Structures are given as structure tokens and as C-alpha cells.
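K.L.:
Please read through the structure below; I'll follow up with questions.
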């Protein structure tokens, strides 16, 4: 009978220790689902090819414009359809 009581107390003690340890490790980790979704969003941003919108500054000779056209306008290179395009219509 004494042995059974000692075993029950030991099992309860070990269970309490495991629960306390699990709670502490969860607080240190944070929410893993939130962390993993943030990591996925960051990796999506790195994988997505970004382009420069129309009328934003661009670098001549590089195809970084969404419209694939970088032209000089008032001493600055900008993305978009050049004014010559509108004049030829």
C-alpha cells in the first residue's frame, strides 16, 4: 500500500514538473503559427519580382519598370509610356 502511494505521488510530481516546463517553453517561443506565417510572408516578398510603377524614378538601361519602358523626362528617368508614344497616335 505504501509503495502504491509513493508511486502515485511520484507520477503526480513528474506530471506537474512537465506541465510547468511546457508553459515556460511556450512563453519563450511565442506563438509558432504567427512566427511561421511571418516567415512565409517574408519569403514571398523576397521571391516576388518587384517592378517600378509608372511615373516613378527608374534607372536607364535596366528593365525594372512594370511597363518595361524607362524614359527621360525633365532630366530625370521615369517609368511609363513616353510622350513620343502619345504624339505618334
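These residue numbers are counts, starting from 1, taken along the chain as shown.
Cβ atoms here come from the backbone N, Cα and C positions, even for glycine.
The following feature annotations were taken from Swiss-Prot:
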type     : residues : note
DISULFID : 51-66    : disulfide bond
DISULFID : 58-70    : disulfide bond
DISULFID : 65-79    : disulfide bond
MOD_RES  : 79       : cysteine amide
SIGNAL   : 1-22     : signal peptide
K.L.:
Can you give me the Cα-Cα distance between residue 79 (disulfide bond) and residue 51 (disulfide bond) in Å, rounded to a whole number?
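P.N.:
Taking the Cα atoms only, residue 79 (disulfide bond) lies 10 Å from residue 51 (disulfide bond).
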K.L.:
Let me know how many other Cβ atoms fall within 10 Å of the Cβ of residue 65 (disulfide bond).
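P.N.:
Result for residue 65 (disulfide bond): 20 other Cβ atoms within 10 Å.
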K.L.:
Give the distance between the Cα atoms of residue 51 (disulfide bond) and residue 58 (disulfide bond), rounded to the nearest whole Å.
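P.N.:
Counting only the Cα atoms, the answer is 10 Å.
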K.L.:
Using DSSP and collapsing to three states, where does residue 79 (disulfide bond) fall: helix, strand or coil?
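P.N.:
DSSP assigns residue 79 (disulfide bond) to strand.
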K.L.:
Report, as a single number, how many Cβ atoms besides its own are within 10 Å of the Cβ of residue 70 (disulfide bond).
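P.N.:
Its Cβ shell of radius 10 Å holds 22 other Cβ atoms.
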K.L.:
Would you mind reading off the Cα separation of residue 65 (disulfide bond) from residue 58 (disulfide bond), to the nearest angstrom?
P.N.:
7
K.L.:
Long-range neighbours only, meaning 6 or more apart in sequence with Cβ under 8 Å: which ones does residue 66 (disulfide bond) have?
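P.N.:
The list for residue 66 (disulfide bond) reads 51, 52, 53, 54, 79, given in order along the sequence.
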